[in-house]
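Student: Sequence annotations record features per position, and here TrEMBL assigns domain 'FUZ/MON1/HPS1 first Longin' to A:55-183. Summarising the annotation, TrEMBL assigns domain 'FUZ/MON1/HPS1 second Longin' to A:223-319. Taken from TrEMBL, the feature domain 'FUZ/MON1/HPS1 third Longin' covers A:351-452. According to TrEMBL, the region 'Disordered' annotation covers A:1-41.
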Amino acid sequence: MDGLTHRPTQNPDHSVPPLETGLNDIDISYDSGSEHDDNLDEDTSNLEVFLSQEKHFFILSTAGKPIYSLHGDDNMIMSYMGVLLTIISFFQGQSHDTDNSDQLRSFTAGNSLFVASYEDPLILVAISKRGESEQQLRNQIDVLYTQILSTLTKSQISRVFKGRTNFDLRRLLGGTEKFLTALTREICKGSPPILLSALECAKLPRTIREKITTILLSHKSPSLLYGLVVSDSRLVSVIRPRKHSLHPPDLLLLFNMIFHTTAFRDGEEHWVPICLPKFNSTGFLYAHIFQFSKNSVLVLISADKDAFFELRTVKDNILKSLRRDNLIKPIELAVNNGFSFRTIDIPVPHIRHFLYKSKLDVQFIMPNIEPHFFPTTSSRKALMGYYHKLHAMVHAKNGGKLKMVYFTKGSATFFGCDSPTFELYFATGPDTTKAILTLSVRAILAWVSKNKERLFIMGGGVF
Amino acid sequence: MDSQSTAPRPTTSVKLVLLGEAAVGKSSLVLRFVSNEFQENKEPTIGAAFLTQKCSLANKTIKFEIWDTAGQERFASLAPMYYRNAQSALVVYDITKPNSFIKARHWVNELKAQASPGIIIALVGNKLDLVEEDTNNTSSSNDADHEDDETEHSDNVEDTTNAITEDASDSDSDVETQSARCVALQEGEKLAAEEGLLFFETSAKTGLNVRDVFLAIANKIPDEASKRRGNGLLAGSGHNGDSDANGLPNHDGRISLDASNANGTGACAC
C-alpha cells in the first residue's frame, strides 16, 4: 500500500492535479462566459433555466440540424447549436482535407467543460459544470451515440445522409427520444454502470444462478443467439455461443430501453429490431422481450427476424421450467425494490458505500446507498460526484497517474484505486488514517473474493 | 373458459395485424379490446407487440393472434413480416390527422398487393372522442394532441422513402386544426367501399365500436367446419355468407352512437 497518497482537495498536491485545475490544461482561451450571456434574447426565463443547467448534451448533424438536446425548446436549441457548429467549424476550417484533421475536442468556458465528438455525419457535444473529466464526458456522449446506432445502425445513418446532408434524423428516430432521455437522466444521476462501463449482476446464491442458466441452456433453439434473464437492470443469467461474448455497453442500452421506460413493461410479448453496436454496428438483431414478473424480463435475441414464434416457444418452455423449479421468487427477491446488499453485511467498519469493478468480468457491485449516510438526493448525487472525481484521478491520462488516491471532504473520506484486475472506490468516515484505509481495502477485497460467485456471473452459460 | 357452454365450440385461430401511422391509437385499440383499458399518453410501440385474445361467437370461438406494429417510419420495412401470413388486418388512422388517412390508403394498397389474397381488412378511423368532445367542450383534449403533433411532425417529412406526394399539401392544416375532425366519415366510407373493406370509426378511449371491429372480422372468418366441408369441393364459399349476416353490424359500418351495439351478437370471452 505504498502508493497510497493523501490528497485533501482543499490543498492539492502538485503531482496530481485535481480535476478543476486539470481542466484548465486544455483551455483554449475561448472567450469564457459568452455562452452564458444574453446573446440569445428570445425567452429570458426559459433561457435562464436553460443556461443554469449543470449538464447539457447536444446531438446535431454536420449540416447543423438538431437531433437531440437534453434541455431547451427547439428555438433555443437552434441558435445554440448554431453557435456550437460555428466554433467547431472554425477549427475544422483550418484543415479539412482529411478525416484526421485538427478537430476541436474540448475547451473550457468559465467552469463549463465542452467536449465534442465527431461520428460523421453526427456531432455530439457534452457540456458540464460538474467537474467530470474530458474522458468521462466523452464516454457519456459515446453512450448516447451507441443508443442512436442501436436504433438505426451505422449503415442506415450513412445511407440516409448520403447525398442529403440536410437530412433531419429526428424523423427516423421518432419515438426513441425517450431512450436518449432515459440515458441522459442516468448520466446526470452519475450512474455507476456508465461511469465504470460495467454491468451489475443480481446477487444470487450460486446454485440458484446455475439452475437458471441450466434451464436457459436446455431450452435453447437453433436461432437463439443470446438468452438473458434481467431483473431491474441487473443481469441474473446469460447464455451465449462460445464464439460471441456480450459487450456491457450493448447490454447497458438494452437494459436502459427495457427498465427506464414503460414501453416493454406491459406483460406483452415484444419483437424488437435492435442493433447492438459493439456486437455489430451495421446490422440488426431481433429481441424477444417479455416481462415475466414484477421486475424481471426474459430477453431472447436472434439474428433471424422471422424467429419470433420459435423464440416464443423457447420462452414458454423456459418460463414453465422456472416456475416448476420455483426460481421466479428468488429472482424477484434478489432485486426487490432495488435491493442489492448492505454495507453492514460487509465486515468493514465505518464503510458507507463502495463501488468495486472486476475488470475481467466487466462487472461491478455496489451496496445499497444507505439513507442513514446519504439522506437526500443531493447527498447521493454528491457521492456519485466524488466517485467521478476519484475515477478521473486514477485514470488521468497525461502523467501523474495514481494507483491510489484519497481525500477528505466534509464529513467523509473518499478513496479510489485502480489495479490491473479491479477498481475500487469507497466512502468512509472522516479523517480515516492511512492504516485504516489499507485495512478497509483488504477487508473489502477479501469479502468480494469470498462472495465472488454470488456477486458476479463468471462467463455465463456457453453453448 | 367456455365451460358453461353445452358443447365445445370449435376454435379458429386468426392472425391479425394492425397497421397505420404512428400515434393513431393502434396499441390503444388492442388494449381496449384485450383488457378493456385505456392509458393516456401511452408510450409508442417499439418494433411490435404480440398478443392473443379469444372471442366467443354464437357458433365458434375465435382466437385472435394479434401483431400490434409500431407506426414509425423506421419500422416500415418490417411490416411484411407481420402481414405476410395474416388473415386479417386493421388499418388504422386518426380522424383528426389527414396524413394518417393518406398513410392508411397506402397500407391498404400494400396489403392488396402483397398480403394473402383473401385477407380481411378493416379500415378504422380512431379518436372519435376528440371530435365529439370538440363540439361540447374544446379544452380537454389538448394533452393527447400535443403528443400526437410531435410524432406527426416527424412523420410529415418522412415520405421520401415512401413517395407520398400528397403529403406536403396536408401538413399545414394538420398542425393548425387541433382536435377537429379532418377526415370526413364519407371519405372513410368511400375508401372502404372502393376497396371492399370493413369500416368503422372508433374511440379506444371510450371503447366506442372497438369490439365491433374485431367481432366483424371474427364473423367474416370462415370457420374450421366450413373449411373442412369445403375441402375437396370447389371452395365451400357458401358458408361464409351466414356468418356475415350473423355478426356484422347492420348499418354497413356506419357509426352508431348507441353503445348497446357493442353487446351485440357475441360478447368477448374475457
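Using N, Cα and C of the backbone, Cβ positions are placed for all residues, glycine too.
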Student: What is the number of residues in the domain 'FUZ/MON1/HPS1 first Longin' (A:55-183) that are helix, strand and coil, as DSSP sees it?
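Tutor: The composition, in the requested order, is 57 helix, 30 strand, 42 coil.
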Student: Give the residue counts of the domain 'FUZ/MON1/HPS1 second Longin' (A:223-319) per reduced DSSP state, in the order helix, strand, coil.
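Tutor: For that range the per-state counts are 24 helix, 35 strand, 38 coil.
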Student: Over the domain 'FUZ/MON1/HPS1 first Longin' (A:55-183), what is the model's average pLDDT?
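Tutor: That stretch averages a pLDDT of 88.
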Student: Per DSSP, what is the helix/strand/coil residue tally across the domain 'FUZ/MON1/HPS1 third Longin' (A:351-452)?
Tutor: 37 helix, 29 strand, 36 coil
